[in-house]
Amino acid sequence: LVLSLAWLGPALGGEDEDEEVIEEEEKEKKEDEVLSDEIKEEDNVLVLHEHNFARALSEHQLLLVEFYAPWCGHCQRLAPAFAQAATELRNESSPARLGKVDATAQTTLATEFGITSYPTLKLFRDGNRTHPREYTGRMDSQGIVRWMQRRAGPSATLLQDTDTIAAFISSQDLVVIGFFKDLRGEAAQAFFEVAAEMVDLTFGVAEAAELFQEYGLSADTVCLFKKFDEKQTNFPVDPARGLDMAELTQQIRVHSLQLVMEFTNETSNQIFSAKIPHHMLLFLNTSSPEQLSLRDGFRAAAGGFRGEVLFVVVDVTGHGADVLPFFGMTAADAPTLRLVKMKNNRKYQMEQDDFSASAIGTFIQAVLDGKVKPHLLSAEPPEDWDTRPVKVLVGKTFEQVAFDETKNVFVKFYAPWCPHCQEMAAAWEELAERYKDREDIVIAEMDSTANELEDITIRGYPTMHYFPAGPGRKMVEYKGSRDVDTFSKFLENGGTLPEEPPVSEVRGQPPCPGWSPAPAG
């Protein structure tokens, strides 16, 4: 009976016609929804498109919009935090709201706001769509909430008398107070902008003459009050130049850190977000009293390099155990010293560790003056490194393979923990299989977390470089799609692509932030 109905249904008509009508009605309904300026919500996030975007801007004083792509892994990971932040802001009746735009479907909006990567977050204030502000906060729910709260209300608390300011200073381990004779002046307004950006710190502001006198000030000054190291650090405002926001931000970042930091889960974000160009690390086993005593000389050397070099103590048996592989070390190597140049992760070490303040200072100055060569990591080459289709390179063998004048060498630099590297591993193997019988082409890979090169800095994973045959040390960075056919076109065209895909479709995994074990978020 079922089989009979299955073939009789179409013959009799009716059912299929009904289904077609229903499908057509649903299609028309969806089109009407898209064309409408009605604003729907998903988990308290406004769902925006080109027909309701203007309405959303007019109805919400502060609107943070995420431009996303449905296929983007970064967007998928952000989604729960973004929804949680939207809910928190909604529950506290904040004027700030969150919205989202599928930039792959709403191409008109994506073009208008110059969206080239995902996710991109932009803040729209007071209905202005011509000058949205880039989001600069952390990509987690609390980071988003705090960033929006600073923009919804005053970014700094007004302090009007000595009792209030004293209580404010004692309320936190660290507070920033701007003393300005005119709170409507340019310097004060720049200070409010800095306070709005630095959401992890507490800011106050004062203009009363008695408060200037109370803290020994005679002109506009930003003061950092701490319960550690020096208790008050002053940053006078230059009357001629005014208040430089970038300069003040960096000064606050530098001086809000302890002179010598302990590397812990709680301090790691502070350490790397301070953007201090060099880090001097003392690796210790903190269970050893003898090793703990080495901190005295380390601290004594730190004062002379503040702002240029950040001094950090790393416990090799605690949180610091995770960073040891980055230095090619084990816990047994402690105590020892390393200096890291943050812009390229180059590491420097003494010929023989000397923990006195004078020796540490002399070593650091020699590195800063360019008189010390970096210490480069290299794993040992596997015995079968050149027998498989994908050749396995290490620091020691890289030069002889990559710069072989008779070969065109295509190298993938990767990190074992990187999801993007894992996703393209099969394509790289397939590419190597395709060219394994070509004498003039080598497909290779190198683990950049275990191997370092003096003249090549890897800033994201995976990174692919092509080293063409012939004289000279030529190198071409590959920026195309990560699939076998595009790789092959690149090789067949001698290291170029006829037409490269948009950059927005290719996102790399950033390397570890400095010498931290966790990938940057």
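The backbone N, Cα and C atoms fix where each Cβ goes, glycine too.
Note on TrEMBL: of 27-59, 489-521, the range annotated with the feature region 'Disordered' is 489-521. Looking up Cys421 in TrEMBL gives a disulphide bond whose other cysteine, out of Cys223, Cys418, is Cys418. Distance between Cα atoms for Cys72 (disulfide bond) and Cys418 (disulfide bond): 15 Å, as a whole number. For the domain 'Thioredoxin' (367-496), the DSSP counts in helix, strand and coil order read 36 helix, 26 strand, 68 coil. Across the residues of the domain 'Thioredoxin' (367-496), the predicted structure has a mean pLDDT of 93. Rounded to a whole number, the distance between the Cα atoms of Cys75 (disulfide bond) and Cys421 (disulfide bond) is 18 Å. Straight-line distance linking the Cα atoms of Cys418 (disulfide bond) and Cys75 (disulfide bond), rounded to a whole number, equals 17 Å.
Cβ neighbour counts within 10 Å, taken over all protein chains shown, single out Cys421 as the most crowded of the disulfide-bonded residues Cys72, Cys75, Cys418, Cys421.
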